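According to TrEMBL, the transmembrane segment annotation covers A:12-35, A:42-62, A:68-92, A:104-129, A:149-168, A:175-196, A:202-223, A:230-259, A:265-285.
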Amino acid sequence: MFELLGIPPQVLFGQLLLGLINGSFYAVLSLGLAVIFGLLNIINFTHGAQYMLGAFGAWMLLNYLGVGYWWAVFIVPPIVGVTGIVLERVLIRRLYHLDHLYGLLLTFGLALIIVGFFRQFFGVSGLPYPPPPLLTGGHNLGFMYLPNSRAWVIVASLIVCLATWFIIEKTRLGAYLRAATENPVMVGAFGINVPLLVTLTYGFGVALAGFAGVLAAPIYAVNPNMGADLIIVVFAVVVIGGMGSILGSILTGFGLGLIEGLTRVFYPEGSAVVIFVIMALVLLVKPAGLFGRSV
Amino acid sequence: MTTDTNPIAMAAITSVGAAGMPRHHFAIFAALFVFLIAAPFLLYPIFVMKVLCFALFACAFNLLLGYGGLLSFGHAAYFGMASYVSAHAAKVWGLTPELAIIAGTLVAAVLGLAIGSLAIRRHGIYFAMVTLAFAQMIYFFSLQAAFTGGEDGIQAVPRGHLFGLIDLRSSEVLYFFVLAIFFAGILLIYRIIHSPFGQVLKAIRENEPRAISLGYRVNRYKLAVFVLSATLAGVAGATKAIVFQLASLTDVYWTMSGEVVLMTLLGGMGTVFGPIVGAAVIVTMQNYLATFGDWVTIGQGIIFVVAVLLFREGIIGVLAKWIRKPL
């Protein structure tokens, strides 16, 4: 077996794989934030709580109704999306005429409420979610062992990211969306129901967070606090990538996951902060973000 | 984020008293001072000191948000790091409490300068996200660094002797030391707000492009107010470490950043006295609801939502509108 800088390849590729998985979550979550930000101009602080809702949704389906993982992948994201639509219609909508920072404060408060309730009723110790049989085994690729569950997370999030990119960049609905992002008043004048589009966009962004939550359920323990720290890292990812481009969000998410994995191999103490350090560097060199337009 | 309702009309009807301070402000400061002198004999001194520390923290935060218009979501970094350094200085280096607090404050100032100079490169929502992310970095640093004691924090910090002379072990004596720090802090903030520097800040908050076109170096003003705010947050955190003889991860975590936003929002952004009231309400709520566990978090979330939707001026902001005078 060959060695790279004194690191056995199993360790290196294992950490890179973990990095890719983290990157999958960064990509899906930052994509949701970017889609919501594009049209609503708010940063959705509830995103982490909605990711947690996705994981709990899968757990509840399994434990209360006996509905398995593969159904949950399709059922839970729309349900989480609908809860988002309700929030948008009832609360968030009232703030569009104000400074965007109020949207941040409102969604922060909502996140506290949601996470607080789940902590109160489910505790903080974490609930196990057994992976479905199809995801238990793995393949030996020669240079490393690839567990099926991890391969599935990477493939599924790539598919969802690319599908989102396709919908937004290549379909008529996406064209409306992009037009409304540029100039909502003009698009409304052409007879398109912009408020409905805004609601659906928020629901879609939230559904992406719910989808990430379902993917996370068998990998990490289902825990009310699972989204809180993750979402702050995703904020840093969003600052690094800039929210101007869909493909940019996806690339930044996966790329930063890989860099984090590499850091864990070569300088483990720095792995928790490497993304924040990169953020500082990007702010110094290109304040608008790698793919961003200057704001 | 503007909360003032027609400040020009308000200024016109405001009579000016001693030291250029409007009479009703002077009266409120005097009443507050008298109340706080009496407070340790009426209430539990430790509780009042906790309120004072958080009130100073919220006032420092309000200097940045209410007057600079900059929403930092990472003020726990300065508060918490100052509390670690002050606790370490008092316990390991054996410094007297006032020197320990100064050490913590200096570290908060340097941290504020470093993070502030990066964060002011972005505006609005991005500014909030950048400050939050850097604060999380400080949290991870505190979790791993050796001197912070990780999950345990720094416990059993000695309160020591003030100037090497006055024994602070008695909570009553300590109280008056904390009261002096608190009053010095809020009077300094009051002075900053009402200085020419403070007026330029308000101009930048209201209309940044116009302030630039008038020739102000906006970024220098923003950085200056950021550092001032971080420094005063550091004073509050360093003092808290001496009072509670403890510095812990709670003080650097993002929930603490959220709490100070909540105190300021609830009391009234951009008002002099709002953050003090907000801090008193939130600390009292935490004290009485402490046994209900996560209902405190839920309650804070509900206050956030209600305050943002219905009550954006905050308690003191509404009161100021009512008596038609700035508070």
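Even glycines carry a Cβ here, placed using N, Cα and C.
Below 8 A, the CB atoms of the transmembrane segment (A:42-62) and the transmembrane segment (A:230-259) form 3+ pairs separated by six or more positions in the chain. The listed stretches are A:12-35, A:68-92, A:202-223, A:230-259; of these, A:12-35 has the most Cβ pairs under 8 Å to the transmembrane segment (A:149-168).
Contact counts against the transmembrane segment (A:202-223), taken as Cβ pairs under 8 Å, peak for A:68-92 among the stretches A:12-35, A:68-92, A:265-285. By number of Cβ pairs under 8 Å, the transmembrane segment (A:230-259) is matched best by A:265-285 from the list A:68-92, A:104-129, A:265-285.
Counted over residue pairs separated by six or more positions, the transmembrane segment (A:68-92) shares fewer than 3 Cβ pairs under 8 angstroms with the transmembrane segment (A:12-35), which leaves the two as not touching.
If one looks beyond the transmembrane segment (A:12-35) by at least 6 residues along the same chain, the residues whose Cβ comes under 8 Å of a Cβ in the stretch are 4, 43-44, 47, 51, 143-146, 150, 153-154, 156-158, 160-161, 164, 168, 201, 204-206, 208-209, 211-212, 215-216, 219, 230-231, 233-235, 237-238, 241, 243, 246, 249-250, 252-262, 264-265.
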